[in-house]
């Protein structure tokens, strides 16, 4: 037997109200006899199928459906909804706090997250809080998540399911299939990463979402993934994507009034020379790229290996072919 | 037309407490708040009117009174509060609030912290449901995290004050494209957080155009007594993300060959016409506004990039490299 979506919605609302109003656990049979919409179902089998689907729908929505028996004498488990678990607790937001929440709900530029933020906002407003969705319209926060892998990886992380996908370690590398226990997705400095346990390499790994294919598949059972208790997603990505901690310092001579960008990322020379600055050095090649960009306006004094690396970059520039003859641009 | 139950049921469960908190609200206003048409909201109310407590007699059903175009709940049948926030909902709000708190200058950080504490408290106070049906492990824990990794520039509060009070602003600003610090008076329009960076969108009186100013590059800001007065035609940028950050005046186009060591450029900057070559390099065209800026980018790449065009860029790059080698006392 089929019922219209409208009849099903009505039955589900009545089921919630019925289970909220009882302290006793109600058996499925009792619910069948009580809640309108179930009584018309002819066979036991059809009823149980319908009831299972309804329970699943409510749980999907986050309704805390409890199962249990009110006394040892009950032959089967029953159901109830504890009001204390169902209801949004009292929450009182001052106007500036409500504005912050409205802004936060506008942050996400991804359907998966924007939907959850919007429904959260509706619940807060139903609790009587004046959250104006257009509050502080002079502020527009936006965090994009345009990568096709985002939604399936978020869903798998929430469900605790193992995933497989193809991934390139750099844009020109060959794509390889990975099997990962996903712990979460992280936006670090505006780029999205998946953090998890890479089963093939038996180690923690961070994957740039833009380098993951559109072939993400959840393969394991729900709840199969257990992230570590002391998990700090941002710290893991920051350690993996960010520069290593500085291992030394370099001294650079700057032309007065020039190389402002380098000057801003530096400290004054401990020796007191106004035209010399000191910078942190973690990777020589990264530092060399940064200094070389300023050409004659920034000259490395020490260490020698950084001096050498900058000179090598500059020589490389002149060694290039840079052909500009007609027809060379394909 | 009937929307799916999964979309409608959350609204049905939220509607009664929402109306309880707003007696006599216009049906149209409620519909707009829920993002549905007025006809749909009236169908929702008709359905709720048929729902209630066991017994299902006249005194057991949800009761509503309509007056003109307004509606008031006269019996709620026990739906006094909305359903608690799901783990995903609470986490989504909390992560967004943390991101805002992490973005210096966007909002009053103190208000954000207070709101975050209250949201987390409300989510935490419910506690786990003692049965097998609880949400999967990941639902309650934060599986989304945001780290902007930005240091404050120091003048964010003044910039925000100018936006909030609608005043003009004198900025001391580091322009990365010109690699220089300059002073200018701007008429603030709005604050933007795009991905990991916060920007002030304002009418720049010197450039006579709408410009984006990254807040962490504002060295100093002084709120002026005069009101912010962008010319009537001044428009903020539409869209989000890359549309917003497209270079203001990318008047020039470079044709580049990026070898593997320089392929990151194509991920980091907007490029067009990407062609992969067999040897792992990529040919791209890239827009730029300021030649000196482009030369700095190229010098940092060394032989990992070839410049095919335009000729003046090729020559400027080589000339800078020669001068730099001379400064190191090396011949080219």
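For all residues, glycine too, the Cβ spot is worked out from N, Cα and C.
Note that TrEMBL annotation is computational and uncurated.
The following features are taken from TrEMBL:
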type     : residues  : note
DOMAIN   : B:7-120   : domain 'PafC HTH'
DOMAIN   : B:157-223 : domain 'WYL'
REGION   : B:223-245 : region 'Disordered'
COMPBIAS : B:235-245 : compositional bias 'Basic and acidic residues'
DOMAIN   : B:259-325 : domain 'WCX'
Confidence summary for the domain 'WYL' (B:157-223), mean pLDDT rounded:
90
Please work out the helix, strand and coil residue numbers for the domain 'WYL' (B:157-223) from the DSSP assignment.
12 helix, 44 strand, 11 coil
Quick one: DSSP breakdown of the domain 'WCX' (B:259-325) into helix, strand and coil?
35 helix, 18 strand, 14 coil
